[in-house]
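Participant: Below is the structure I would like to discuss, written out as structure tokens.
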Amino acid sequence: MLLSDLLYKVPLLATAGSMNAEVTHLTMDSRQVAPGSLFIAVRGTVVDGHSFIQKATSQGATAILCEEMPAEMPADVTLVQVANAPRAMGFVAANFYGHPSKKIKLVGVTGTNGKTSVATLLFRLFRGLGYRCGLLSTVQNQIDETVLPATHTTPDAISANELLLKMAQAGCTHVFMEVSSHAVVQERIAGLHFAGGIFTNITHDHLDFHGTFDNYIKAKKGFFDQLPRSAFALTNADDKRGAVMLQNTLARKESYSLQTLSASTAGTFKGKVLADGLFGLEMTIDDRQVWFKLIGRFNAYNLLAVYGTAVLLGEDEEEILTQLSAVTPPSGRFEQVISDDKIVGIVDYAHTPDALQNVLETIQNLRQNNEEGYFPQIITVVGCGGNRDATKRPIMAQIATKLSDRVILTSDNPRFEDPMAILEQMQAGVSPVNARKTRTIEDRREAIRAAVALAKPYDIVLVAGKGHETYQDIQGTKHNFDDRVELREAFQNR
Ligand SMILES: CC(=O)N[C@H]1[C@@H](OP(=O)(O)OP(=O)(O)OC[C@H]2O[C@@H](n3ccc(=O)[nH]c3=O)[C@H](O)[C@@H]2O)O[C@H](CO)[C@@H](O)[C@@H]1O[C@H](C)C(=O)N[C@@H](C)C(=O)N[C@H](CCC(=O)O)C(=O)O
Ligand SMILES: Nc1ncnc2c1ncn2[C@@H]1O[C@H](COP(=O)(O)OP(=O)(O)OP(=O)(O)O)[C@@H](O)[C@H]1O
Ligand SMILES: N[C@H](CCC[C@H](N)C(=O)O)C(=O)O
Ligand SMILES: [Mg+2]
């Protein structure tokens with residue numbers, strides 16, 4: 001494609017060289033540059049892409065898109081200067097791939113917790129309704145039946161457009177994608193055309209990246225600020241920040257609520273939980289009574305958001321609820337592994353204080369005396385990720401110890417941090433009274449085995465934080481590790 005066509009609608013500050021250069025490949029990574037490439041120099045959190053301009057030219061780049069022109073202008077390469085390279089990259093990527101987001105109905109989901117759950121439920125619901133669909137999620141990307149690995153919750157703009165094009169070519173009519181706060185700030189969604197946006201909730205996370213909670217709110221709101229007038233913006237009316245998200249959006253404002261408040265504050269889509277247990281949820285949604293296979297009150301919010309979205313996309317209410325009641329949750333979300341002697345293992349991706357609290361409260365409410373009158377104990381195994389928000393560490397340990405009978409603090413992707421240093425920060429949140437029921441075992445496998453050794457039949461072992469993940473990330477190496485496999489093996493070796 002001609003460089004001038006690629007730059008359609010991109011505000012330019014300056015250019016040097018031919019705008020008729022033919023670009024065959026886009027990349028923000030100098031290591032991927034080859035003749036025909038447009039290299040986009042992006043300032044990252046570790047290095048500045050501008051320092052690789054020379055390298056990109058020596059590897060044969062056709063053109064460079066940057067925020068600052070290099071001191072030495074390379075010959076035979078076109079230079080394009082813009083104010084915001086990541087944002088320009090979004091529009092360039094959309095131009096390069098022919099605006100695939102306009103060829104499908106693209107719905108984005110943002111919020112601290114529930115993005116994967118809502119996006120996956122939507123994907124499964126719409127397939128059940130007979131559509132070909134796409135999914136961009138933390139667990140995996142999917143082009144209808146074809147599963148592709150996901151490296152991020154939200155892919156970069158180039159990968160996203162490439163995937164969306166493949167989805168459109170495969171006949172997908174609807175695509176459901178997670179929109180992380182990192183993605184909004186890093187402009188990974190710039191240039192995408194959304195048919196709708198959904199807000200789940202916002203609680204403590206990612207303060208390492210955003211600095212303050214206010215900035216984190218602004219990042220999420222940024223998604224709704226970008227929605228076009230033709231889109232819908234569906235928010236959670238029961239979340240304190242639900243209304244804030246829609247303050248400046250051009251999109252049609254819609255909401256959902258499980259609370260019976262006054263008409264002015266209650267949502268457009270209303271639901272009520274009638275019963276919840278290990279069997280699932282019984283709810284009324286818009287006056288229809290339905291059973292769902294998902295466990296936990298928090299999932300009632302996810303289901304209501306999914307229902308509202310499907311209605312806003314024009315589907316029949318009755319048909320939606322019939323299909324949705326058969327939909328199963330995504331992998332690693334409240335996934336149960338039961339031992340032969342009836343110990344209940346639960347693997348859940350709770351890696352924020354709010355998620356951990358929700359899951360533990362759900363488990364507490366599900367507990368009942370068994371036939372012999374035994375009241376099950378809750379044994380929790382939990383850790384906090386390295387090179388991520390450190391301020392959530394003591395809070396998560398405090399929640400785990402408050403809501404469990406025994407707790408084992410352990411590692412969860414220490415990445416480049418010292419695992420014991422992370423664990424010490426977690427221990428700081430454990431009150432002296434709760435310290436007695438808490439142990440620290442750095443090795444996650446040993447921690448799971450110790451939890452299983454403590455358990456009696458009917459007890460519940462919650463292994464939190466990794467869910468679907470199949471690795472433990474230590475010093476940049478991803479070692480095979482799967483909480484569900486580990487639980488099963490621990491049960492067998494008991
Ligand atoms: C903190 C963060 O978001 N980092 C993302 C960011 O990397 P970075 O800022 O560190 O990049 P950098 O290493 O400084 O490099 C800057 C630029 O120089 C380029 N470069 C670098 C080296 C070189 O030799 N040549 C070269 O051109 C890089 O390609 C890049 O364009 O840009 C990269 C390219 O898009 C991402 O892969 C990377 O995600 C890392 C792996 C990551 O872990 N991100 C997490 C925090 C994340 O994004 N998570 C959210 C979900 C969060 C949630 O909601 O729970 C997600 O959407 O996945
Ligand atoms: N609506 C919700 N409200 C609160 N907690 C939830 C909700 N939905 C799911 N959770 C909890 O949060 C965990 C993560 O859920 P999910 O994977 O759907 O979130 P996510 O927003 O995609 O997370 P990530 O930011 O890592 O992509 C679940 O395992 C569950 O414990
Ligand atoms: N999307 C989240 C995933 C956290 C999962 C947890 N297992 C961890 O490694 O901290 C993040 O990147 O912060
Ligand atoms: Mg997710």
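The first residue you see is number 1, and the count goes up from there.
Cβ atoms are placed via backbone N, Cα and C, with glycine included.
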Participant: Out of 112-115, 412-415, 436-439, 476-479, let me know the one TrEMBL marks motif 'Meso-diaminopimelate recognition motif'.
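Facilitator: Within the set 112-115, 412-415, 436-439, 476-479, TrEMBL attaches motif 'Meso-diaminopimelate recognition motif' to 412-415.
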Participant: R388, R445, R488, R494: which one does TrEMBL list with D412, N413, P414, R415, G465, E469 for the meso-2,6-diaminopimelate site?
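Facilitator: The candidate from R388, R445, R488, R494 that TrEMBL ties to meso-2,6-diaminopimelate along with D412, N413, P414, R415, G465, E469 is R388.
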Participant: Compute the mean position of the Cβ atoms of R388, D412, N413, P414, R415, G465, E469, which form the recorded meso-2,6-diaminopimelate site, and then list in sequence order the other residues of that chain whose Cβ is within 8 Å of it.
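Facilitator: Here the non-site neighbours turn out to be H351, G383, C384, G385, G386, S411, K466, Q472, D473.
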Participant: What residues, ordered by sequence, lie under 8 A Cβ-to-Cβ from R415 (meso-2,6-diaminopimelate binding site) and sit at least six positions away in the same chain?
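Facilitator: In sequence order, G385, G386, N387, R388, D473, I474, Q475, G476 meet the Cβ cut-off.
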Participant: Across the whole of the motif 'Meso-diaminopimelate recognition motif' (412-415), what does the mean pLDDT come to? Round it, please.
Facilitator: 98
Participant: Express the distance between the Cα positions of N113 (ATP binding site) and P414 (meso-2,6-diaminopimelate binding site) as a whole number of Å.
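Facilitator: It is 21 Å, counting Cα to Cα.
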Participant: Nearest by CA distance to D412 (meso-2,6-diaminopimelate binding site): which of the binding-site residues is it, out of G111, T112, S117?
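Facilitator: Result: the closest of the binding-site residues to D412 (meso-2,6-diaminopimelate binding site) is T112.
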Participant: Given the binding-site residues G111, T112, S117, P414, E469, state which is nearest to K220 (N6-carboxylysine) when distance is taken between Cα atoms.
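Facilitator: It is G111, whose Cα lies nearest.
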Participant: Considering only the binding-site residues N413, P414, G465, E469, which residue has the minimal Cα-Cα separation from G114 (ATP binding site)?
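Facilitator: Result: the closest of the binding-site residues to G114 (ATP binding site) is G465.
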Participant: In this structure, which of the recorded positions K220, R388 has the fewest other Cβ atoms within 10 Å of its Cβ?
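Facilitator: It is R388 that, of the recorded positions K220, R388, has the fewest other Cβ atoms within 10 Å.
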